[in-house]
Amino acid sequence: MAEPPQPDSFPESSRERDAGASFVLESKGQWWHAGYHLTTAIVGPMILTLPYAFRGLGWVAGISCLTVMGMVSFYSYYLMALVLDFCEKDGRRHIRFRELAADVLGSGWMFYFVILIQTAINTGITIGTILLAGQCLEIMYAAVSPQGSMELWEFIAIVTAVMVVLAQMPSFHSLRHINLVSLVLCFGYTFLVVAACIYAGMSKNAPARDYSLESATSDRVYSAFTSISIIAAIFGIGILPEIQATLLPPASGKMLKGLLMCYSVIVVTNYSVSVSGYFVFGNKSSSNIIQNFMPDNGPDLAPTWILGGAAVCVLFQLFAIGLVYSQVAFEVMEKKSADASEGMFAMRNLIPRIILRSLYMGFCGFVAAMLPFFGDISGVVGAIGFIPLDFILPMLLYNMTYRPSKSSVTYWINMAIMVVFTGVGLLGAFSCVRQLVLDVEMAGTADEQFTDIAAVVTSAAFPGDM
């Protein structure tokens, strides 16, 4: 790595007067807490799409892409942590992605560019978790009361009410225990899915395995870029500076430990699900591997208790994911509405917090109820947002901060990654949009994926009613 030059002096803003920093992004965490937050933000139910992503790439390209994307994302996050560490040592501890980008790049428009993309990603994920959980409740209700009159919007309202309560946890750091449980849950559904794959692969009803790619060259290219976009989105996070902000200062070096912890989980979960799922189902892998265990014709390919257990783990983790990705919105609201000179739980701050966070969750629930097809486009929005924030900006920030020589390997690696991922982002977005237009009702949409997960939960809880 290049040695950083001495930057111009920059006055550190006072955290004591910034309620968003003092309350929501309070810096009390240890490196393992950052590991919990990172794991919840990165390792989510979307890893169940990895066997499907392998369909468009095959064994060699699939494993290679998964490995390269993991290495590049780790490298990218490590570079961003170095930039944050450097700024902190210089008296400019940045706790917000938008402020880091605006400061290092010296452009005010970067502030608004980053916050726009962060808002789209974070709000979209929150809406998605509410919608998908509501659909699960609806299916469970239909199993218990087939003639019931409740509709989807009512279940979304129930989920929204739960999220309103959970959202009152005052700081990102206060989510550390929930995110530890989330880490355990991701291991839970990973191991259960792998067990289901082993069971299905050894059963007499095991599907025929075919790993061939599409015959038409154009279709193969489009599928490959769609798969690459899926894998890139799986490794996306978009809020690393906000996670690093929760660390007890000095934060230098702690984020690397958190990243190593997170990527240890990623290696186990991602490779386990992708390899086992693609090995058993090949190019018939569904966009949610759990669907493959429930064929339209014939018996389930794995015991109900295994599939139900995996589904329950997924559903509970959705709440943790929604909370993590709401923290940027909460920090923005708190910065504008709270008085940092008074306590976090003073009535002057508590009442606005309850009102604003309730309104935010209510808005997300309202959008989820009004746009039940939201899951169809959230993947495209996520792919378009994650690539610039996680695979392009960190390289640019490092080059601008440390100014490595243009003849150095580091400089050209960073430039190559920026160029390649700019192209991947554009082509991947086009491929994803094309896929949605061609196959709007494909079982791979987020709504249908988790509707099937909810069906598994229902069959596990109410086997006599299915």
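Note that Cβ sites are derived from N, Cα and C of the backbone, with glycine treated the same way.
Record features, source TrEMBL:
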type	residues	note
DOMAIN	28-436	domain 'Amino acid transporter transmembrane'
TRANSMEM	60-87	transmembrane segment
TRANSMEM	108-132	transmembrane segment
TRANSMEM	152-168	transmembrane segment
TRANSMEM	180-201	transmembrane segment
TRANSMEM	221-240	transmembrane segment
TRANSMEM	260-281	transmembrane segment
TRANSMEM	301-325	transmembrane segment
TRANSMEM	354-374	transmembrane segment
TRANSMEM	380-399	transmembrane segment
TRANSMEM	411-430	transmembrane segment
Contact yes or no, the transmembrane segment (180-201) and the transmembrane segment (60-87), 3+ Cβ pairs under 8 Å, gap 6+
no
Mind checking which residues reach the transmembrane segment (411-430)? Cβ under 8 Å, same chain, six or more beyond either end.
2, 72, 75-76, 79, 225-226, 228-229, 232, 380, 383-384, 387-388, 391-392, 395-396, 398-399, 404-405
Return the stretch with the most CB pairs under 8 A relative to the transmembrane segment (221-240), choosing among 60-87, 152-168, 260-281, 301-325.
60-87
With the transmembrane segment (60-87) as the reference, find which of 108-132, 260-281, 301-325, 354-374 contributes the most Cβ pairs under 8 Å.
260-281
Of the listed stretches 108-132, 152-168, 260-281, the one with the highest count of C-beta pairs below 8 angstroms to the transmembrane segment (301-325) is 108-132
